[in-house]
Amino acid sequence: MVSVSEVTDVCKVLESRLQHKGDITILLTDSRSLTNPQGVLFIALVSKHGDGHKYIEELYGRGVRSFMIEQPLHLWIDLFPEANFFRVENTLKALQLLAIAHRKKFSYPVIGITGSNGKTVVKEFLNQLLRKDFSIVRSPRSYNSQIGVPLSVWNMGEGHNLGIFEAGISRVGEMARLARIIKPTIGVFTCIGTAHQENFKTMEEKLQEKLLLFLDCRVVIYNADNELIRNAIRSSGLEARGLGWSMRDRSAPLFVEDVTSTEEMTSITVCFMGLIESFVIPFTDKASIENVIHCIAVLLYLKPAMLSNADPFLKLEPVAMRLELKEGNHGNIVINDSYNNDYGSLDIALDFQQRRVRTPGMRRVLILSDILESGMLPKTLYRNVAALIRDRKVDKFFAVGRELAKQRTSFEGIDCSFYETTADLLESQELKSISGACILIKGARQFRFEQICDRLSKQVHETTLEINLQSIAQNVEHYSSLIKPETKMICMVKARGYGVGSYELAKTLEDCHVDYLAVAVADEGKELRERGVRMPIIVMNPEPTTWSTLLEYKLEPEIYSFSLLRKFMAATMEHGLRSYPIHIKVDSGMHRLGFSPNDMDELAQLLLLHPEVEVASIFSHLSAADTPEFDQFTLQQIRTFDHAAHALAARLPNKPLMHILNTAGIERFSEYQYDMVRLGIGLYGISPNGREGLQGVVRLRSTILQIKEIPAGEPVGYGCKGVCDHNMRIAVLPIGYADGYRRCLGLGVGQVLVGDKLCPTVGNICMDTCMIDVTEANAFEGQRVTLFGDPRIPIEEIATRLDTIPYELLSSLSPRVKRLYYRE
């Protein structure tokens with residue numbers, strides 16, 4: 001909490017107009033996250049693809065009365081006479097200054113965590129291990145950015161006695177700011193890897209930047225067996241405060257004497273302060289083992305007595321790093337967050353639900369379990385939960401758990417149903433009555449809400465295409481860094497978003513504030529409009545039979561010929577329209593669709609006679625921007641386009657945008673970015689030129705239905721083509737060529753990742769199934785396997801085996817392959 005006078009002092013306000021003296025309790029940076037306007041300060045952040053000033057009018061109408069801005073005060077004070085305005089030089093820096101001032105009010109220990117991977121997992125493991133002994137405030141989910149960190153630290157309060165915050169960076173100069181905000185007393189360095197390496201000259205430079213978080217720490221915990229980290233700790237002057245753990249050096253403050261794994265458990269024996277303790281954890285992977293050892297080191301420093309009790313380590317639960325979206329029965333959307341349940345994450349999940357409501361009439365349903373070990377008194381906790389449900393306008397609330405039932409009086413005025421157990425809710429049949437709703441499922445792990453999710457989900461096909469929406473956002477950010485701040489971006493969502501699903505992709509891109517979407521045909525654009533997507537949409541292959549659809553849903557056509565232009569102008573005249581936006585395509589050498597460069601004079605004359613349309617952009621398409629041997633051809637295409645586009649633009653009354661670069665063009669010819677670029681396959685983390693720094697987006701997975709022992713010499717599959725040359729153990733998967741898993745991947749051409757083993761296909765691919773050789777794998781029935789999308793079996797490799805491109809593989813996947821969307 002901060003007073004308005006403190007805001008003026010702390011944020012170096014250049015000028016202000018104050019109409020209210022109430023305290024600021026909530027810092028808001030995203031207009032879509034507003035619940036209750038009381039005590040809100042909206043900070044109008046300005047970034048490459050977004051400007052918070054655009055949302056001031058809307059927020060004022062919804063009751064917000066305090067705004068932090070960069071634009072001159074006189075532009076705003078007359079329009080919104082009842083509002084407080086604070087003008088600063090940079091709103092992001094002002095947000096960070098508020099967090100720095102807030103952090104100074106508290107003297108309890110704060111753990112700061114950084115590293116290339118594992119930050120969120122270590123933070124959540126520490127929360128599980130310490131929550132019975134401490135009242136903890138921590139970063140929600142992965143809030144570790146220049147915006148996320150100050151918002152996290154703002155949650156610190158007098159009722160807490162331990163803070164745990166993570167810090168992530170992507171370039172030089174960022175960590176010093178985060179260090180001032182978090183001001184950790186205990187530092188944890190998880191690991192070092194290649195993430196964001198493209199923005200650093202060397203790995204050592206990135207290490208030194210990350211270690212700036214720990215300059216004022218009393219202790220720094222790290223893996224002393226990693227030579228890079230160990231040397232960086234020494235050169236940074238942190239060695240004297242280091243608590244390095246080691247599996248090799250017995251003289252280390254924490255020596256890991258033994259690590260032994262079985263199929264499901266790992267035993268870790270450590271030596272410290274002359275004592276030996278053993279812990280059993282329910283994980284066997286290397287990353288989880290290292291993350292737990294980091295936690296043991298934190299406990300060793302913070303409260304050594306806790307290490308005498310190994311029970312909390314055995315009860316560690318996997319950290320649910322993702323929130324999943326699925327198509328539900330009866331027109332529902334299902335948001336599955338059923339492995340993570342606390343008050344802070346409930347607010348974030350309800351905010352996500354609010355953004356995924358497709359139409360104004362779509363009902364919001366919440367299914368929630370008891371919130372365990374919150375650190376709050378139950379009466380206070382559930383009163384806060386009820387207020388959150390009211391603020392988020394939830395239409396129907398299903399409460400599962402005895403504690404929720406005890407606190408039912410807190411939920412008066414809310415349409416509620418209370419059940420003591422998950423089984424009681426499932427047996428009630430009440431879930432069958434839900435239709436046309438956006439359903440958020442959120443529960444503690446012990447309530448096994450995955451049963452509810454399965455009941456409500458539409459498809460039960462065991463094969464899924466997993467789509468990481470957070471990675472899409474990160475890839476947009478990556479390509480944005482390659483272009484100028486003022487350059488606009490079109491994102492291609494045609495062919496159902498290259499097979500991943502155009503709606504969820506479009507909503508994610510809308511959140512990223514890209515400028516345009518592009519679809520192939522009018523019906524694709526119509527579907528997006530009907531599901532609530534409002535940003536500009538270009539139709540790349542419009543047909544005269546769809547003019548009415550195109551005009552009704554305000555879709556903007558690509559125009560590539562005189563005949564098409566005349567037909568569209570006739571349609572706009574018939575509807576009495578003026579200045580309807582169109583996009584002129586020039587054939588610069590690909591010889592697909594487009595006006596000839598020689599047509600520009602005639603085209604300009606025709607356009608000037610018809611004010612019904614207005615050229616929004618002029619563009620062309622590069623044929624071989626990803627192929628260095630055709631660079632001279634590409635440059636000739638650009639010259640041809642440049643001459644034609646400028647010739648046409650010079651004759652028009654407005655100034656149309658120009659664009660020619662696709663994904664490969666952005667990577668290799670960014671100097672020709674003009675006013676706008678078009679991002680396609682790069683959205684999915686696939687670089688035509690093998691560029692580093694992208695995040696994988698899609699993963700095709702299936703499940704082993706059955707395992708069989710086949711003697712040597714026996715045939716497998718249709719045509720007896722797959723003859724076993726040894727005694728073979730085969731697994732049958734429920735995916736075949738009808739799902740888009742191509743028949744030519746049979747007979748050992750394709751491979752499937754089973755555990756950590758790549759297993760070849762056996763026999764021909766069938767319509768609905770395929771068989772793989774799991775003789776060398778530790779396989780079992782019901783096991784999930786990966787057909788592509790893992791670093792060990794990338795989609796590019798499968799495409800190469802088939803002599804095709806990743807576009808074709810993605811867009812060929814059948815609709816019966818369930819799309820599973822999630823955010824980290």
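Cβ coordinates are placed from backbone N, Cα and C, and glycine is handled just like the others.
What TrEMBL says about this one:
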| type | residues | note |
| --- | --- | --- |
| MOD_RES | Lys494 | N6-(pyridoxal phosphate)lysine |
| ACT_SITE | Lys494 | active site, proton acceptor |
| BINDING | Arg592, Met767 | substrate binding site |
| DOMAIN | 697-822 | domain 'Alanine racemase C-terminal' |
| ACT_SITE | Tyr718 | active site, proton acceptor |
Seminar exercise, completed: Row the residue listed as 'N6-(pyridoxal phosphate)lysine', column other C-beta within 10 angstroms, all chains, value 20
Exercise. Cα-Cα separation of Lys494 (N6-(pyridoxal phosphate)lysine) and Arg592 (substrate binding site), in Å?
Worked result: 17
Exercise. What are the DSSP helix, strand and coil residue counts for the domain 'Alanine racemase C-terminal' (697-822)?
Worked result: 22 helix, 47 strand, 57 coil
Exercise. If you count Cβ atoms within 10 Å of the Cβ of Arg592 (substrate binding site), leaving out that atom itself, what do you get?
Worked result: 10
Problem set entry | Rounded inter-Cα distance in Å - Arg592 (substrate binding site), Tyr718 (active site, proton acceptor) | 41
Seminar exercise, completed: The number of other Cβ atoms within 10 Å of the Cβ of Tyr718 (active site, proton acceptor), counted over all protein chains shown, is 14
Exercise. To the nearest whole angstrom, what is the C-alpha distance linking Tyr718 (active site, proton acceptor) and Met767 (substrate binding site)?
Worked result: 11
Problem set entry | Arg592 (substrate binding site) in three-state DSSP notation | coil
Exercise. Hey, what's the Cβ neighbour count for Met767 (substrate binding site) at 10 Å?
Worked result: 11
